[in-house]
Amino acid sequence: MTTAVVFDYGFGNVRSMVRALANLGVDTTLTSDYRQSLEADGLVVPGVGAFAACMEGLKKVDGDRVIYDRIRAGRPVLGVCVGEQIMFEHGLEHGAHAAGIGLIGGSVNLLDADVVPHMGWDTIETAPDSVLLNGVENERFYFVHSYAAMEVKPADTSRFDIDLSDSPERVSWCSYGRSRFVAAYEHGPLSATQFHPEKSGDAGSQLLKNWIATL
């Protein structure tokens, strides 16, 4: 049976993700144990709250090391919501910069919109040949966030002894207010979504099925 760990570091709607994966036949564990998180077929990194607080919580339980070690070994990782944001190099909240995991080049900033947070269902500009969004390219997904990454830059992952240069980088986008932001990111074993697939009905279930098929 396919196994997955939903990483439990104190931030995120973990129970809903555990249920969503279990309902798709995945043997799912909620834990922050390093060995279990490293050895599972898939790792989900959720996240809700402030970028800096999530990074602090992640580091307290060696979550950053788990992510680096899995990506280095080619083992799939899925970041969701702030779990996507922390994969970027930096986050800017309330005028303060915080360092992220750094596997995606760029920074996370406040959305430029009259109403924040961006909350509700929205469509996505799907990247060509997207694996995650295959079959649900024109569907709507559920978002709830105030910050996002507005661009993707080249990331120097060599400092982590990680080389993803042989893998295509696929970026899907969403627009809200005056911002066009990263809605989904795929690069080798690293996948991430700004929206919540576990709260996105049938389309979200199909996305999770697509990810599970890569494990």
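In case you wondered, yes, glycine gets a Cβ from its N, Cα and C as well.
Summarising the annotation, Swiss-Prot assigns active site, nucleophile to CYS81. Around the Cβ of CYS81 (active site, nucleophile), the number of neighbouring Cβ atoms within 10 Å comes to 27.
For the recorded site, HIS196 (active site), the DSSP three-state label reads coil. According to Swiss-Prot, the feature active site maps to HIS196 (among others), an assignment based on sequence analysis.
Annotation for GLU198 (active site): spatial neighbours ASN13, SER16, MET17, ARG19, ALA20, VAL80, GLY204, LEU208, criterion Cβ-Cβ under 8 Å with sequence separation of six or more. The feature active site is assigned by Swiss-Prot to GLU198 (among others), with sequence analysis given as support.
Taken from Swiss-Prot, the feature domain 'Glutamine amidotransferase type-1' applies to 3-215. For the domain 'Glutamine amidotransferase type-1' (3-215), the mean pLDDT of the prediction comes to 97.
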Non-local Cβ contacts of HIS196 (active site) (under 8 Å, 6 or more apart, same chain)?
ASN13, SER16, VAL80, CYS81, PHE141, TYR142, PHE143, VAL144, GLY204
